[in-house]
Amino acid sequence: MNDIIIKNIKSLILPKKSVHPLKGKEMDELTIIDDAEVVINAGRIIYAGPSGHDFQAEKEMDAGGRIVSPALVEPHTHIVHGGSREHEMSLKRQGVPYLEILKQGGGILNTVEATRNASFDELLNKASASMTRMIQHGVLTIESKSGYGLDRETEMKQLQVSRALEEKFPVMMKHTFLGPHAVPRDKDSDVFLDEMISLLDEVKEIADFADIFCETGVFTIEQSRKYMTAAREKGLRVKIHADEIDPLGGLELALEQDAVSADHLVAASEEGKRQLASTDTVAVLLPGTTFYLGKNEFADARGMIDAGGAVSLATDYNPGSCVTDNLQMIMAVAALKLKMTPNEIWNAVTVNAAHAVGLGTVRGTLDEGDTADLVIWDAPNHEYIPYHYGVNHAYQVIAGGKVIFERPGLSL
Ligand SMILES: O=C(O)CC1=NCN=C1
Ligand SMILES: [Zn+2]
């Protein structure tokens, strides 16, 4: 006897499980099963496909003609942080560039001060509020970065808070050390980078990836290569904030370093985009950040996909350059500004996002045996979610076969 059967599913969205991230034309392939049902037992998918079978289950759920997909995967967040930077909005309005605010000691350094001053519990409570919103928006796999400590004690505190989130919520997480996120005001960048490299032995016990902000006025290509090489020698896979604002060649460095992902890529070179296709490195695009920074040039998703590359999407949720924990909104910006198709977008927030955090065959699909992490959406079809933006379309969120969120209706 199974635990649950979900019936009356208007259409079931089934991204393809693949040992490699979906690339190029594959990204536009998406199986949609109309008139479907899902059978769950012991927290795992037993069946997800056309209805009409005679499955037995303790509990029958009626999807009410709604659509169902795997729970979303969020491959790039700065969810653990103290404070907020709404005061910087006026600087942005006056046209002060992001890197100028950082140079003046604001930006990331402002959040560093708030994070250093926050207790473990304060950071956990604040991140828990964001985690709750992400889950309510259909996300059950999340990557979480450090990078607001710039010292051993606070970087480790952030990573421990990240681990505590995974204990507290029914989600799967990956944890990233982003010690080289900015250079402390009173430090030489090479000296500081060596300090962060010296932490890698300790970090590799608690983090899955090592990440660096390779950007003008932050860390150079040479410094990024030194750090990524050191991290890989310690057995950590690497990520990189690359070519976000200036075209330093961060994407090429990511590919040279066999990075699991290269993130931002707004200023990525044509050569880098061409090389992407011959690797399994996932381009994690963050169009919400481009929108939030008031820029008009978005990452060239079309160019990367059409050249055969693998693309995924994330919020980049952080207090300074993209203050949203709503991945559905990013799906809409990807449709409007990255010119991605609905099928590409759904693959970019499920199976390819899973590959971007080393979970490519573990999350983002509903194959037999997969964890029963799925969302029942209040939407008529899969194209509707990127189309109708700014609202939460998740009706029910099911984690490991348990309904953990149901959007309340009005009590009139
Ligand atoms: O500004 C922040 O807090 C987050 C960020 N890191 C690199 N780009 C944006
Ligand atoms: Zn980021």
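Every residue gets a Cβ built from N, Cα and C, even glycine.
Of the residues ASP316, ASP325, ASP367, TrEMBL places ASP316 in the same Zn(2+) site as HIS76, HIS78, HIS241. Within TYR148, TYR227, the residue that TrEMBL lists together with ASN318, GLY320 for binding N-formimidoyl-L-glutamate is TYR148. TrEMBL names TYR148, HIS181, GLU244, SER321 for binding 4-imidazolone-5-propanoate. Of ARG66, ARG85, ARG93, the residue it gives for the same site is ARG85.
Under 6 Å, Cβ to nearest atom of ligand 1: this is the test, and of the binding-site residues TYR148, HIS241, ASP316, ASN318, GLY320, SER321 it is passed by HIS241, ASN318, GLY320, SER321.
Sequence-distant contacts (6 or more apart, same chain, Cβ under 8 Å) of HIS76 (Fe(3+) binding site) comprise GLU143, LYS145, SER261, ASP263, VAL284, LEU286, ALA314, THR315, ASP316, ALA356.
Here HIS241 (Fe(3+) binding site) is positioned 9 angstrom away from HIS181 (4-imidazolone-5-propanoate binding site), judged by their C-alpha atoms. If you compare Cα positions, ARG85 (4-imidazolone-5-propanoate binding site) sits closest to GLY320 out of the binding-site residues HIS78, HIS241, ASN318, GLY320.
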